[in-house]
């Protein structure tokens, strides 16, 4: 006889949703902000109101791309004056030193299996040194004050710089010096591929003192800052975090997600780790990633409480590290650490070696202990139901993935992609309910065809045995992840630990044979498991849904989100699904669940709720669509450097799946965009002779070209060919001079039978990038303060002598950000046609093509 009515189903769903709402609330809960009025009561505390005043000045300067007046003069001078004010108000016992660094350099960097050379000239760093009692070791705090074009950068990364100013202010007013020196690096070129941090760690006189660092970043706008990278291989840093942090938010899985390249960005952590060989911690705000690198990354969407939480944690961690023994130790134990917090209330950490034993022990005990409760039962009947539970979970998982991805592909086919982008609750109805329905159908099928009527087990005992099958599934997952070296095996391990605890208590209370009492014990221990799993669902949705807005159009975001939802459903509901066998009206429930799916799909496809994007007039939290549009002028030369021909047009960068539809419907109706790889010049010119600026974005994305009128250009970077030196019979040195302090790039493509074997930029030549069938050495060049002309040499090697024009192809691109005076009337008219919910980043580019 079935024991549970339909009310139990809805009660279970309400339990899951309630836990999800609670973890969502806890994820947004921030401490109250302190004001200047609290100074008398808390003289040594972080005061958010003072940091807010600093942030307002940086925010009001507007966009501050490297090389702009706003970044190189206005922002820099503001930070300099703030530091000078702090120096004037410091305690007499403190020693504060200030250094302005203007630095030039180059390095090679790779991402997504493509290499490039990053070169910077006259970029600026402001470095402050709060001298400790032992000045030989230092802790470094880092932020960047530059921004991308068209974004004020309040969260990325003005808020971090404001936090660092306040931390410096508080520490400088203490009567006792810290044990170790604390360095504060305000760097002016992070958005240009981490260049200023490289300049500091490789060239600054104080860099040799650094023993650890805290990097403050943002890939969102507000909310809690998450520790998503630590070390590498320095467990003492996690121990310091555990000691010091009042509001923990840190997960090993975040580090593994970032290192797998699933998040399309990087931070200064990479420079300090790779070029300084310094361990550290990487923090970032991830909430509201919709606003990241848009006009909405402003103070209008931040709060004092955000600064207070971040400031409290950074100040506490700085104080701890500035006093710790580890910073002065010559040799420390190394190794990986597993770390995580439980919904912000408790922080847990242990070594990977301990993690292996913990995962193994919990995985085995979660299966063995409940089996002990069946020791007096017929083993064959128990094994059959355990197998039933395992098969139901495995087949249900496969079926749910197939069902969700099928719906995702159909939505994409009908042009209804990303309907959940603004209203993420639609994911619950479209994909989570579909995944749950798939699990229900699998259990119904197995119950119908594989139920053993002659079993000696009661229905309740059958369900308990099937729950052991779920334990077996998660044990396999835990052990597989552990065996593969993934530290994130702790996620299913916690679920198993909760199940193990309920099994132990049921055995102690002898509740497993009762009619209902064992269910209450099970649900009691499922509460922390549901809080754990729904928290992961909320965080991953909060992180990855905004990222799909900058995924590019070649990958289907529907499939990605559907897989994420199916995995989240399994994580949250796997220990509730076996109760399906105890329900009286299962068909009625599946019918209602199907109706919810159909209703949600109708809302998503037919109502305004499913429109992906919003501006500030449509929603309190805008969710814009991103667009990068480059008005391009291309000049082609012959092998003697003489003008051959030119053309012009617009390059549209495809940032998400709906980009092309938006442009063709709203911006250029009736026009046909040409996919970048199908442009005629792709057949004849190096890298299509298009304005490559960010190598990886433009290589990955399906950008589009539209012929158009010439832009207005009153300046550009010039690369003048000075001549050739014959090094030997099979190699030559090409000499050039570069002039112009504007952001630019150079692509050097050796022709058939020719190799680039050396140059004056680095002591080595990185592997070439490949695009449209041609190899090319990509050089990204950033200018901070204006500089003089500089020389460059390129050494090429060949088997047979080459005539003019048969050595290399060279493409020089000058990129003008924030140069509105170069916008023609046609370009302004085109930009004005973008809808209000679009965030458009316009630029002008000149591409010069030379064969040598």
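Yeah, the Cβs are placed from backbone N, Cα and C, and that goes for glycine too.
Annotated features in TrEMBL:
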TRANSMEM  7-27  transmembrane segment
DOMAIN    125-317  domain 'Peptidase M28'
TRANSMEM  357-374  transmembrane segment
DOMAIN    383-605  domain 'Endoplasmic reticulum metallopeptidase 1/1-A TM'
TRANSMEM  386-408  transmembrane segment
TRANSMEM  428-446  transmembrane segment
TRANSMEM  467-484  transmembrane segment
TRANSMEM  490-509  transmembrane segment
TRANSMEM  529-547  transmembrane segment
TRANSMEM  559-581  transmembrane segment
TRANSMEM  593-613  transmembrane segment
DOMAIN    622-850  domain 'Endoplasmic reticulum metallopeptidase 1-like C-terminal'
Return the average pLDDT for the domain 'Endoplasmic reticulum metallopeptidase 1/1-A TM' (383-605) as a whole number.
92
Same-chain residues at least 6 beyond the ends of the transmembrane segment (428-446) with CB under 8 Å of its CB atoms are 388, 391-392, 395-397, 399-404, 407-408, 411, 419-420, 561-562, 565-566, 568-570, 573, 577-578, 580-581, 586-587, 589-590, 593-594, 596-597, 599-601, 603-604
For the transmembrane segment (7-27), give me same-chain residues lying six or more residues beyond its boundaries with a C-beta closer than 8 angstroms to one of its C-beta atoms, as numbers and ranges.
223-224, 343-345, 523, 526-527, 530-531, 534-535, 537-539, 542, 572-573, 576, 579, 582-583, 589
Whether the transmembrane segment (467-484) meets the transmembrane segment (593-613): three or more C-beta pairs under 8 angstroms:
no
The transmembrane segment (386-408) vs the transmembrane segment (529-547): three or more C-beta pairs under 8 Å (separation of 6 or more)?
no
